[in-house]
Amino acid sequence: MRTHSFLTVLLWSSVFYVVHVTPSQKRTNKHSHSERITGMSENDGKTLHRTKRGWMWNQFFLLEEYTGPDTQYVGKLHTDQDKGDGNLKYILTGDGAGSLFIIDENTGDIHAAKKLDREEKSLYVLRAKAIDRKTGRQVEPESEFIIKIHDINDNEPKFTKDMYTASIPEMSGVGTSVIQVTATDADDANYGNSAKVVYSILQGQPYFSVDPETGIIKTALPDMSRENREQYQVVIQAKDMGGQMGGLSGTTTVNITLTDVNDNPPRFPQSSYQFSSPESAPPGTPLGRIKANDPDVGENAEIEYSISNGDGSDMFDIITDKDTQEGIITVKKHLDFENKVLYTLRVEATNTHPDPRFLQLGPFKDTALVKISVEDIDEPPVFSRPWYLIEVDEDAKEGSIIGQVVAQDPDVAKNAIKYSVDRHTDLDRIFNIYSGNGSLFLSKPLDREETPWHNITVIATEININDHAPEFANYYETFVCENAKAGQLIQTVSAIDKDQPPRGHRFFFELVPEFAVHPNFSVVDNKDNTAGIMTRRNGYSRSKTSTYLLPIIIFDNDYPIQSSTGTLTIRVCACDSRGNMQSCSAEALLLPAGLSTGALVAILLCIIILLVLVVLFTALKRQRKKEPLIISKDDVRDNIVTYNDEGGGEEDTQAFDIGTLRNPEAREESKMRRDVIPETIFQIRRTAPLWENIDVQDFIHRRLKENDLDPAAPPYDSLATYAYEGNDSIANSLSSLESLTTEGNQDYDYLSDWGPRFKKLADMYGGEDSDRD
């Protein structure tokens, strides 16, 4: 028996001993031995020999999602009967045999043909057998084994819902549970940490927190107010591998709503309100609405209004509108302006469902002051008694006074009263009354036998006082065309009056007396409280008179008659043939007739352009006069000076005066500047000679200082030449320019010692013969 050991944690090996019978199949983690021995056969008398057979395979675990280049090796089937000569054939049956698992029938090697997913199937039960190729008989009984798929972390945690919805009362304490979220991982929970999920919060801090193990979301801040913020969106992450780096994760969104609690009292937006009511308003008449604001919602915002105190608590009432949560102030009793004109109420608004948990925040009510003013109504006169009984002798003469009735105006104005008899109750006109004092007198004789009783009705009427004058109803902008014809209507005016006479208004219009015969305009009363303004001549001229003032008197027909004077301003304008106004400005008269606005604008633009051209031409001409006269080659500013001269040798004494370099005073001559035309000639300041016994550096510094202080120096960058040559050198001059000034001939024999390169020069100057030649 051979035992194969591999790197797998669990080693399964099966060895079966069979003696011409089928052994019981058994799979263990240790070597299993099964042995049966039989005696001598009665038939053939042969001895039965014990045969030892065995299956061996060495791998029962596979990794899922294998992505290697080759097929994944599963294990090897082998029997002791296999002599390696190819006579045996291995056959694999069971779960996935032939499709997922392929066996080499010659060697017994098993491979996984496809990538396996543990989440689809974690266990495969297979059966193996070996048969003889020649006889087709099994050399070993069929044996069963299991291939188990090892898990890898290839599945991220997934929440049971893509989105959660939760709510929690506002003002909840810290740590109050909101909702629990759950995420599952399809990986193997019994193998490693691939399915160990840890929760964390990605969005929603610092308001909420999450328990990393249970996924319970809790409040993290105290006293969160719905009135400040109602909706919160929290993002929760679930990560496997215990939350370690490299783990897979999934997220979900939790929408959390803060529900309302009654934590806010009602508040009036203003401390006082003002209303008014006519004294004739009947009980129950609504006068106005007030509302206290409560930021809570639902039943927590329900308010009850009441009148707590005030001198008008008996005269007015307040009811609550349940739909709008407003308080409606109504009239409770009849009002009398003459008795009291102003009432004051203290109105209180109270929550109907207070929350005991928040009573410590203060009283859940508010008060406001309501002032109600009573408006006076023109009430009819009131008689001193509701009825009068007058006894009259039947022989009373006509015109005799038989009694008197008295009425007065209950209003503050106390207007006068006019009395009259209702003729529907005195058809025979037997009685009459003085309208001024209410005295009744007889108009006809009485006859007791014919009519012993007379019931008459007296009417008392208040006489209104006309104390306002009529005036124009609007401000009228009136114009008349220059080409208007006589008798043409140019304006219709109307009037208004603040008085309200019983029979309505009636107005009259006319010109003031001094303008009764106005040569330009007239006023025609239309008899309907309007008047028309008419022209009285043909044509008007703006050049003579551009505006006319027309004073008009307006009368009413009440007692006493009131009147006022209104002045109508009439402008003279240019109009088209249809009478449409085109221009009323006086400036338009100065322009040629028929010239449009566009033409005027074009003319003005042309004038402006011409002026600009003249100014530019003048400026360019002046600039041309002042531009630099750069016409000479000697100008040193931005010019290249070309000499193209070759010296004439030491005998050319006229080419350049070397003494100029040694005498800087020579450049101090009075020369005019050649770069610009001089406007003012400055006297050039002469300086003392500086070339004797002075260092070059000191010389240049002094010249710089002189130019800096020179007022005649040019204001721009220029080239200043400082020509200076120092005193004689102790080595004397090597220049050939001064060779003529030396006494005697010079010795050039040393040139011969300088080599062949100087041979030509030595021949020219080397000896006396050369000089003579």
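Numbering starts at 1 and runs along the chain as displayed.
Cβ atoms are placed via backbone N, Cα and C, with glycine included.
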Among 260-289, 620-649, TrEMBL lists region 'Disordered' at 260-289
Beyond a gap of at least 6 residues from its ends, the CB atoms lying under 8 Å from the compositional bias 'Polar residues' (269-279) belong to 285, 287-288, 290-293, 329, 331, 335-337, 368-377, 379
Taking DSSP helix as H, G and I and strand as E and B, the domain 'Cadherin' (79-159) has 0 helix, 37 strand, 44 coil
For the compositional bias 'Polar residues' (269-279), the DSSP helix/strand/coil residue counts are 0 helix, 7 strand, 4 coil
Residues in the domain 'Cadherin' (384-462) per DSSP class, helix first, strand next, coil last, are 0 helix, 23 strand, 56 coil
Taking DSSP helix as H, G and I and strand as E and B, the domain 'Cadherin' (472-589) has 7 helix, 53 strand, 58 coil
The correct DSSP tally for the domain 'Cadherin' (160-268) reads 3 helix, 47 strand, 59 coil
